[in-house]
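Among the features that Swiss-Prot reports, domain 'Radical SAM core' is placed at 112-323. The annotation [4Fe-4S] cluster binding site is assigned in Swiss-Prot to Cys126, Cys130, Cys133. According to Swiss-Prot, the feature Zn(2+) binding site maps to Cys269, Cys376, Cys380, Cys383, an assignment based on similarity to another entry. Per Swiss-Prot, N6-(pyridoxal phosphate)lysine is recorded for Lys338, and the stated evidence type is similarity to another entry.
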Amino acid sequence: MKSRIKDCFNASEEEFSDWKWQYRNRITTVEELEKLILLSDTEKRDIKKALEVFPMAISPYYASLIDPDDPECPVRLQAVPQSAELQKSSWELEDPLCEDQDSPSEESCITHRYPDRVLFLISNRCGMYCRHCTRKRRVGNREHDYSEKAIREGIEYIRMHHEVRDVLLSGGDALLVSDERLDWLLGELFSIPHVEIVRLGTRAPVTLPQRITPELCEILGKYPSVWLNTHFNHPKEITPEAKKAMNMLACAGIPLGNQSVLLRRVNDCPVIIKNLCHELLKIKTRPYYLYQCDLSFGLEHFRTSVARGIEIIEMLRGHTSGLAVPTFVVDAPGGGGKIPVGPNYLISSSDTGVTLRNYEGVICVYPEPAEYSSKCQQKCTICDKHPGLKSDTGLARLYDEENDVIALEPEGLERKQRF
């Protein structure tokens, strides 16, 4: 397939290995696509309709991974539009995670949801437009590119909010900016005393591994605490080119993680996920999250049940090393944030002990200590410096002996207003 694509583009090996050539020559039309993979007349018509809603862009490299004769190829399903994208369920939203709601302004690049960290969108460009993208409202849309002014305002927001210790650069793709711009941005962020780490969210190692160059690795490696999370969804994506890219990053001292999305017909299988996680560990990449597919517009055909995700984790836990088991999370709609869900191994608990089961179904009892109080026993004042850790809200409030609270009630309970 690679040779076929090179011939189609009349490209040399040097050109094919150049990330800028790859980006310039992304496949964006049905006419270009049908030269590479088998398309029926119905598929051509459906793709053209889907492109009216969300554009297509496939790097020649990623296209080379597609089985041209298999409509069910897991790479193809992630890259090629389908008519199902035009079907909107009642639950689907343009901004299902309410990121815009947690931004300082409509034009801002910043989403500040969690207390000590922010999402900083720096690009709306990608090596490929994933069909399961949760930011379809922004990605590939020139109207939502980020100006120099917006980027500088984002930096200033972080500088003024001393609680922010962790910055996640994303987009689009955080690596789809120039080396010079990324170097400048990292320099600005690490000049802020309270910024401890910067994370990069990128799918470049998967869809555009040529982007990982010695020059880029030198830039990333010179800063004290840059982390990188990428997005492999299927073992077929872990190619020699991808392995080389990840190894270059690892050799530059960059800690690597992977965030997969659970996708129907792509990877909703415990064997596929297990193989993927094993292959990731072999390239020094920790399987970090397995996401339930978001409720973005036109993604109903990709979504699995949450129960299927839990089932997959159940089939991993104990059957492979803990390093190979990602955390399954639902990024809750309405801005609820990431909620971890998984199998329940705690059967019951009491003052004397807990009853547990293991992955084999073995049931055992673990005794609790005879005398123990959940009230902190430390004779220090460290918690006074972190008021957010005190248990005056949420479920923790019920267990705090200093709070005279036995139940938490939502505001506006109907039965409380009857009399």
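For all residues, glycine too, the Cβ spot is worked out from N, Cα and C.
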Response to the item:
Cβ atoms other than its own within 10 Å of the Cβ of Cys383 (Zn(2+) binding site), all chains, total 12
Discussion item. Between the Cα atoms of Cys269 (Zn(2+) binding site) and Cys126 ([4Fe-4S] cluster binding site), what distance do you get, rounded to the nearest Å?
Written reply: 27
Worksheet item: Once Cys126, Cys130, Cys133 are set aside, which residues in the chain still have Cβ within 8 Å of the Cβ centroid of the [4Fe-4S] cluster site?
Response: Met128, Tyr129, Arg131, His132, Arg135, Val139, Arg203
Worksheet item: Are there residues of the same chain, six or more positions away from Cys133 ([4Fe-4S] cluster binding site), whose CB falls under 8 angstroms from its CB, and which are they?
Response: Phe54, Val139, Ser296
Item to complete: Any same-chain residues 6+ apart from Cys376 (Zn(2+) binding site) with CB under 8 Å of its CB? Would you list them in sequence order, or say none?
Response: Cys383
Item to complete: Return one of helix, strand or coil for Lys338 (N6-(pyridoxal phosphate)lysine), based on DSSP.
Response: strand
Worksheet item: Where Lys338 (N6-(pyridoxal phosphate)lysine) and Cys380 (Zn(2+) binding site) are concerned, what is their Cα separation in Å, rounded?
Response: 32
Practice prompt. Determine the minimum-neighbour residue: among Cys126, Cys130, Cys269, Cys380, listed as binding-site residues, which Cβ has the fewest other Cβ atoms within 10 angstroms?
Written response: Cys380
Worksheet item: Which whole-number mean pLDDT does the model give the domain 'Radical SAM core' (112-323)?
Response: 95
Worksheet item: Just counting, how many other CB atoms are there within 10 A of the CB of Lys338 (N6-(pyridoxal phosphate)lysine)?
Response: 15
Response to the item:
The rounded CA-CA distance in Å from Cys130 ([4Fe-4S] cluster binding site) to Cys380 (Zn(2+) binding site) is 50
Discussion item. Quick check for the class: what is the C-alpha distance, in angstrom and rounded, between Cys126 ([4Fe-4S] cluster binding site) and Cys380 (Zn(2+) binding site)?
Written reply: 49
